[in-house]
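Below is one structure, written out as structure tokens; comments come after it.
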């Protein structure tokens, strides 16, 4: 059995790490490089950095801090934000990122997924999916440009259909960002993650809702995800990564120590 991964997420805006609730009202929580170094020291398995306004503002993630992070940490990290071309992806990988993640640009141009996979291999192509439960239609729908509240828009895609589409096009991993749960620390959306797990043949990373150590245990056991991503519980030192790993190991979950 492959060990489960713990992945702190750092949302970046204007050169600072920020955190919102349900993708709104972002507040500054710290500086990029010191936070990255802290999580690596605590035992994070990898890190994810989202430049949350890059796509909405028609720009690419700032490479200057990517190289500084690469110099400071010795664990893999993934970078996302406005990546729309092979050359942009190549540059970020050259600056030290191990993986690149695309979200809104893939919705605009799904062929980008297969082109990136052909160039770099599927192992470093991650697809982020911002999924919103629409109570009116009782369905899960994909949203786009979610890093800027004013720019956020609905797409034509139901979440399960988009999950299948991105796999056909060659993604190596999927991060499912459950918008309704984001930042509220009420637990991961086990129901939705389980539905996606059933149709997902690539590694699936749960995102949105972590509030206690038990939430991590539950998402690994019940939704059978490969990794759990979290932000506010780590930023605010509610949960220490080393202590979380000890807890999960004691609960019988295979975890990297």
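Glycine residues also receive a Cβ, built from the backbone N, Cα and C atoms like all the rest.
Taken from Swiss-Prot, the feature active site covers 11 (among others).
What Swiss-Prot records for 130 (among others) is active site. Secondary structure at residue 130 (active site), as computed by DSSP, is strand.
Between the candidate active-site residues, 11, 130, the densest Cβ environment within 10 Å is the one around 130.
Of the recorded residues, residue 130 (active site) and residue 11 (active site) place their C-alpha atoms 14 Å from one another.
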